[in-house]
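*Asks:* Annotations for this protein, taken from Swiss-Prot, read as follows:
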type: ACT_SITE; residues: Asp130; note: active site
type: BINDING; residues: Leu77, Cys78, His79, Met115, Glu116; note: substrate binding site
Amino acid sequence: MSGPALTHIDSAGEASMVDVGDKAETVRVAVAEGFVRMKPETLALIRQGNAKKGDVIATARLAGIMAAKQTSSLIPLCHPLMLTKVSVDITPDDALPGLRVEAMAKLTGRTGVEMEALTAVSVACLTIYDMAKAADREMEIGGVRLVSKSGGRSGDYHRAGEMR
């Protein structure tokens, strides 16, 4: 069987942390996205700042940033990283209806930051759900995916059809 290999599996088929010691340090950036679909009334509550637990968007933004910094504690084979930047943008979308979440993680180092960006989006979405669940238990988290990455030996990646 040819094609891409799983980098976290050793020759014996066991899970193994990748040795990045010989890789060059380069600027690495990853962007991920996701959404929380909800009832229009729930979105209105959040926009007005009337959710029972407080400012949903600000809290979810902070939760996403904190989560990116803790990725190696949550995902077993991720390296602890010295992130230089994490941003989480949360945008209301009436057409969804709900909130769109985008995270960017950046560093200068020997391994990528895709998992950090994905973790930031995931935890921000979970925080939105937690803070608004009293008003809407039918919320749906979805669309969590890598949008783009740059830097490193494998080169740049941009999801087809995305302009970033």
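Keep in mind that glycine also has a Cβ here, set from the backbone N, Cα and C atoms.
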*Asks:* Can you list the residues of the same chain, besides Leu77, Cys78, His79, Met115, Glu116, whose Cβ falls within 8 Å of the substrate site's Cβ centroid?
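*Replies:* Apart from Leu77, Cys78, His79, Met115, Glu116, the close residues are Thr71, Ser72, Ile75, Leu81, Thr111.
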*Asks:* Drop a 10 Å sphere on every Cβ of the recorded positions Glu116, Asp130 and tell me which sphere holds the fewest other Cβ atoms.
*Replies:* Asp130
*Asks:* When a 10 Å sphere is centred on the Cβ of Met115 (substrate binding site), how many other Cβ atoms does it contain?
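*Replies:* Excluding its own Cβ, Met115 (substrate binding site) sees 22 Cβ atoms within 10 Å.
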*Asks:* Do me a favour and check the Cα-Cα span between Asp130 (active site) and Met115 (substrate binding site); whole Å is fine.
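*Replies:* Computed Cα spacing between Asp130 (active site) and Met115 (substrate binding site) is 22 Å.
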*Asks:* Taking the Cβ of Leu77 (substrate binding site) as the centre, how many other Cβ atoms fall within a 10 Å radius?
*Replies:* 13
*Asks:* Determine, from DSSP, whether Asp130 (active site) sits in helix, strand or coil.
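*Replies:* Its secondary structure by DSSP: helix.
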*Asks:* Near Cys78 (substrate binding site), which residues of its own chain have a C-beta under 8 A away, given they sit six or more steps off in sequence?
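*Replies:* Thr71, Ser72, Met115 - these are the non-local Cβ neighbours of Cys78 (substrate binding site), listed in sequence order.
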*Asks:* Which residues in the same chain, at least 6 apart in sequence, have a Cβ under 8 Å from the Cβ of His79 (substrate binding site)?
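*Replies:* Listed in sequence order, they are Met17, Val18, Val20, Ser72, Thr111.
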*Asks:* Given that the record lists Leu77, Cys78, His79, Met115, Glu116 as binding substrate, what is the largest C-alpha to C-alpha distance among them, in Å?
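*Replies:* Binding-site diameter by Cα atoms for substrate: 12 Å.
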